[in-house]
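Written out below as structure tokens is the structure these notes cover.
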Amino acid sequence: MKTIAILTSGGDAPGMNACIRSIARTCIYNGIRVMGIRSGYDGLMNGNIYEMNVSSVADIIHRGGTILGSARCPEFKTEEGQKKGAQILKDFGIDGLVVLGGDGSFKGASALSKIGISTIGIPCTIDNDMGYTDYTIGFFTAVETVSDAISKLRDTSSSHGRANIIEVMGRNCGDIALYSGVASGAESILVPEVELNIDEVTEKIERGRKRGKLHHLIMLAEGVGGAYDIKNMIEEKTGVETKVTILGHVQRGGTPCTFDRLMATQMGNLAVKLIMEEKTDLAIAMKDNKIITVPIDEAVTTKRKFRDDLYEISKEISI
């Protein structure tokens, strides 16, 4: 009997539990033993591994976070640590490992694949910053969370005639700010991929004021930085009271949206099928609305392309 293990690593993302459920149930349906590794690579290093069954994944498809947990593990970044982790997997009789996470998690999976462990990577991160796939599990739920917050901030901004800077996650990738900003009608979208032009921001605010606009929403990806500096510049140049709202880790939680659940279920099912067919050391992706695979090393090295087309649309419609 084959044995497959599941590990979640890095920042949690809504949809991880739906993916865990899909992997576990596909394994059980096909007569494969399934093991859960608690607390990511740290749990692997400590042998924190248990056998899962149908009840282990009952009533989790709608839950955010990860029932397996996640934790940092500096030891696993070393060559000795990786060899130790591989040996622990072998000691537990594990034939294949499915890793749910982002770039760092995939680098760990790639390292294990090079020392004889069959691995499959599934992209789970709200940042949508993995270049080899169009979308990552958790991204659209985070966008929904941010869009809901923007709707509430629009109400209070209009009541008081204010501008509001909404800082969202995205150190190197501004997709959360871009997608939620376009979907919510933000006047300005500030992302790390585009150089900040404060005059453009303030000119939009002033044009809006002249035609009686009461609110001004500015989306800011955290990678741009300087939320309070931008606030001060806006107030100095326009005289408009400006508030800063940092959404923080609320973006990672909550019930996963339908799209994330569907993608997670499809990817989890495919991961098991690939291991059954001995097609491993791969990463699963969504490209052009299709679920595909690429070599895991390619997934780690592919650079993210910015959605210039969507950014240009945002500029045209936020006059």
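Heads up, residue numbers simply count up from 1 along the chain you see.
Backbone N, Cα and C atoms are what each Cβ position is placed from, and that goes for glycine too.
Asp127 (active site, proton acceptor) falls within neither a helix nor a strand when secondary structure is assigned with DSSP, and so counts as coil. Its own atom aside, the Cβ of Asp127 (active site, proton acceptor) has 27 Cβ atoms within 10 angstroms in the protein chains shown. Per Swiss-Prot, active site, proton acceptor is recorded for Asp127, and the stated evidence type is sequence analysis.
Under the DSSP three-state reduction, Cys73 (ATP binding site) is assigned to coil, being neither helix nor strand. Around Cys73 (ATP binding site), the same-chain residues at least 6 positions away in sequence with a Cβ under 8 Å from its Cβ are Gly40, Tyr41, Asp42, Leu44, Met45, Gly81. According to Swiss-Prot, the feature ATP binding site maps to Gly11, Arg72, Cys73, Gly102, Asp103, Gly104, Ser105.
Just so you know, the Cβ of Arg25 (ADP binding site) picks up 21 other Cβ atoms within 10 Å once every protein chain is counted. The annotation ADP binding site is assigned in Swiss-Prot to Arg21, Ser22, Ile23, Ala24, Arg25, Arg154, Gly185, Ala186, Glu187, Arg211, Lys213, Leu214, His215 on the grounds of sequence analysis.
The feature Mg(2+) binding site is assigned by Swiss-Prot to Asp103. Of all Cβ atoms in the protein chains displayed, 19 besides its own lie within 10 Å of the Cβ of Asp103 (ATP binding site).
According to its DSSP assignment, Arg171 (substrate binding site) is coil. The local packing around Arg171 (substrate binding site), expressed as other Cβ atoms within 10 Å of its Cβ over all shown chains, amounts to 13. Look at Swiss-Prot and you will find Thr125, Ile126, Asp127, Arg162, Met169, Gly170, Arg171, Glu222, Lys243, His249, Val250, Gln251, Arg252 tagged as substrate binding site, backed by sequence analysis.
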Within 10 Å, the Cβ with the most other Cβ atoms among the binding-site residues Arg21, Lys243 is that of Arg21
Asp103 (ATP binding site) sits from His215 (ADP binding site) (Cα to Cα, rounded, in Å) at a distance of 38
Comparing the Cα of Arg25 (ADP binding site) with the Cα atoms of the recorded positions Gly11, Asp103, Gly104, Asp127, Lys243, the shortest distance belongs to Gly11
Nearest by Cα to Thr125 (substrate binding site), of the binding-site residues Gly102, Asp103, Glu187, is Gly102
Min neighbour Cβ count (10 Å) across binding-site residues Arg72, Arg252 flags Arg72
